[in-house]
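Peer 1: Structure incoming, see below.
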Amino acid sequence: MNRLRNAKIYVERAVKQKKIFTIQGCYPVIRCLLRRRGWVEKKMVHRSGPTLLPPQKDLDSSAMGDSDTTEDEDEDEDEEFQPSQLFDFDDLLKFDDLDGTHALMVGLCLNLRNLPWFDEVDANSFFPRCYCLGAEDDKKAFIEDFWLTAARNVLKLVVKSEWKSYPIQAVEEEASGDKQPKKQEKNPVLVSPEFVDEALCACEEYLSNLAHMDIDKDLEAPLYLTPEGWSLFLQRYYQVVHEGAELRHLDTQVQRCEDILQQLQAVVPQIDMEGDRNIWIVKPGAKSRGRGIMCMDHLEEMLKLVNGNPVVMKDGKWVVQKYIERPLLIFGTKFDLRQWFLVTDWNPLTVWFYRDSYIRFSTQPFSLKNLDNSVHLCNNSIQKHLENSCHRHPLLPPDNMWSSQRFQAHLQEMGAPNAWSTIIVPGMKDAVIHALQTSQDTVQCRKASFELYGADFVFGEDFQPWLIEINASPTMAPSTAVTARLCAGVQADTLRVVIDRMLDRNCDTGAFELIYKQPAVEVPQYVGIRLLVEGFTIKKPMAMCHRRMGVRPAVPLLTQRGSGEARHHFPSLHTKAQLPSPHVLRHQGQVLRRQHSKLVGTKALSTTGKALRTLPTAKVFISLPPNLDFKVAPSILKPRKAPALLCLRGPQLEVPCCLCPLKSEQFLAPVGRSRPKANSRPDCDKPRAEACPMKRLSPLKPLPLVGTFQRRRGLGDMKLGKPLLRFPTALVLDPTPNKKKQVKYLGLDSIAVGGSRVDGARPCTPGSTARA
């Protein structure tokens, strides 16, 4: 009873501390380490019957990882369902499956194309060219790439036959481990020098296209030849590469080939590793452990996988990737490297890189003539079923695995002691970061979760790392002595990062190194994809009605000293407050000055297009006697290219200023009065309210408005006209007279009255005078 009571207390304490975990799969190291930290496991209930079905063999387990489980359990996956190698810390910490974003070759292929939006790096410098055969555009791009690669290979073969400057692994290719029987030699087929000329012209045209020399060209067939011409070109290429045909060339062609290859070296980052046999590796886009992978070197065979199969075309399952024909070999055997990294957060993106790794060897000597998977695939799930070739070097390990420390020692023996620290590790870190940057927006992440990934790299002869694929939930199986030690270490260090570091930011993180953490970005709340444009149509201006208007509040006056600081000099644009209304017993000119002084001081009024270009309309207001009636010409409100300046005057007119787009013969006149002649000079002494056209404005010499100032009397405000647009200039008159009967006026390069923009000419000088 005491034991049961203590167990109950222990569980209740773990529940309060949120230390409950569940494990799916075989993770004895994780279970042991969590129990040491006081966590309590919630056992999974395995129900019998049809409710729990094992996964189909054809379905992707790569979306859940390349889960090899244990080497002994790998063959018994049907009996023990392990769907996702996922362990759950009661919604606190989770291995997040992330929909297999990185495990899918399709996702990695497509995401890395967006790398230029994140960094100034070419994905082709660390990720072999990759295409989705199910997409029509990608299939066409792959066909053109295959053609161009064949043309480049012809140039390499010419140079190699002449100068032997492109060494290949002749010893490995002649190894007796090749499974393909040697064909009986016949009379060699001769290929004419015109074949080399076609390859040269295709490469030259490709270089000219990169230099944008094809902008004005209209060619139906891309890349120099027609599709039929390329088909014939490939047949002769196959004869040279695979059937031993003799490639004849002229001495002058050798130098051209060398020159063009040197130019291609600068624009094709993969020209060194791609070799000269045009081998591509075809992969199912959603499978792991090397299932369904094939190495092919004939275009027709690869296209047969998708041509005429609508299901494959729709699903886009097949991915074709350029095979690294010149990899770094260890004792004549191909190998790859498994590198772990940990993502603890996606916003901000936080990446931890594991310092230890291991390499996996193939069981067969390397050969480009033998395209069998046993030679070119280093997956342990494939190689464990094969026997080591008797032709392998005796220094290779029997279990086909090395630790990264043993690999570094081998590099020192090769005479490259700094290759690991200066080329390999920095290259792998950059490749991992770039792959995660491009996938960050497509991952359905959640807080308090993490994911451990396994990236596979192959190295070129120059030690350059090439990212092959990234697997979610990599295997933790202790298949060899190397993996037994390293896998236990990476699991223990993972818990140090995701659990211990939550309590102590300075705790030991083991072999994990923080290599990237971006600033946090606030994610806007998703409000749906509904787009809405609101507004109303612009109405056609109407003729001014004969009506009487009362005192109106003042229109917001937008002013600015020159240009800039629109928020400080345009309060009416950024706030709802209105400027004080001009009092009817005060001079309108004085009110304008006071409003102007409150905004920008006593300098010239001016506005800028930056603050006014969003304003909808312009309205000009004048003060007229309340009983005054107008007759309006029908075309008075139509914009004119050369507007005339209008002078309004009368016995009770306090602000004699306005600007209307009138012709020289158009004017306003009171009802019942005869219209004065267009060319007659207005008589300013007559106590009549009338409007007369003045001299046309010149953009270089703006003309002030001239009027008379009368005694103070009660006034009303009347609206003159509808929206007035496209004025070259506008002047505001200060009608306060001085002793010499002169008035001051303020010049504007543009004016906005009532909320709009009126483009203007040169501003007038403040303080200039004109006779009344």
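Glycine is treated like the rest: Cβ placed from N, Cα and C.
So Swiss-Prot lists these for the protein:
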REGION    50-81  region 'Disordered'
COMPBIAS  68-81  compositional bias 'Acidic residues'
DOMAIN    151-510  domain 'TTL'
BINDING   LYS283, ARG289, GLY290, GLN321, LYS322, TYR323, ILE324, LYS334, PHE335, ASP336, CYS378, ASN379, GLU469  ATP binding site
BINDING   ARG289  protein binding site
BINDING   SER381  L-glutamate binding site
BINDING   ASP456, GLU469  Mg(2+) 1 binding site
BINDING   GLU469, ASN471  Mg(2+) 2 binding site
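A description of the local structural setting of each listed feature is requested, covering burial, neighbours and distances.
Peer 2: The Cβ of LYS322 (ATP binding site) lies under 8 Å from the Cβ of PRO128, ARG129, CYS130, THR149, GLN270, GLU274, TRP280, ILE281, each of these being in the same chain and 6 or more residues away along the sequence.
SER381 (L-glutamate binding site) is surrounded by 20 other CB atoms, counting those within 10 A of its CB over all protein chains shown.
Look at GLU469 (ATP binding site): DSSP puts it in a strand.
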Peer 1: Rounded to a whole number, how many Å is the Cα of CYS378 (ATP binding site) away from the Cα of ASP456 (Mg(2+) 1 binding site)?
Peer 2: 10
Peer 1: According to DSSP, collapsed to three classes, what secondary structure does ILE324 (ATP binding site) have?
Peer 2: coil
Peer 1: Across all chains shown, how many C-beta atoms besides its own are within 10 angstroms of the C-beta of ILE324 (ATP binding site)?
Peer 2: 25
Peer 1: Does DSSP give SER381 (L-glutamate binding site) helix, strand or coil?
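Peer 2: In three-state terms, SER381 (L-glutamate binding site) counts as helix.
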Peer 1: So how many other Cβ atoms are close to CYS378 (ATP binding site), meaning within 10 Å of its Cβ?
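Peer 2: Total other Cβ atoms inside 10 Å, all chains included: 26.
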Peer 1: Please identify, among the binding-site residues SER381, ASP456, ASN471, the one with the smallest Cα-Cα distance to PHE335 (ATP binding site).
Peer 2: ASP456
Peer 1: Which state, by DSSP, holds LYS283 (ATP binding site): helix, strand or coil?
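Peer 2: Its secondary structure by DSSP: strand.
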Peer 1: Which number gives the other C-beta atoms within 10 angstroms of the C-beta of ASP456 (Mg(2+) 1 binding site), all protein chains shown included?
Peer 2: 19
Peer 1: Determine, to the nearest whole angstrom, how far the Cα atom of ASP456 (Mg(2+) 1 binding site) is from the Cα atom of GLU469 (ATP binding site).
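Peer 2: That comes out at 6 Å between the alpha carbons.
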Peer 1: Please report how many Å separate the Cα atom of ILE324 (ATP binding site) from that of SER381 (L-glutamate binding site), as a whole number.
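Peer 2: One finds 21 Å between the Cα atoms of these residues.
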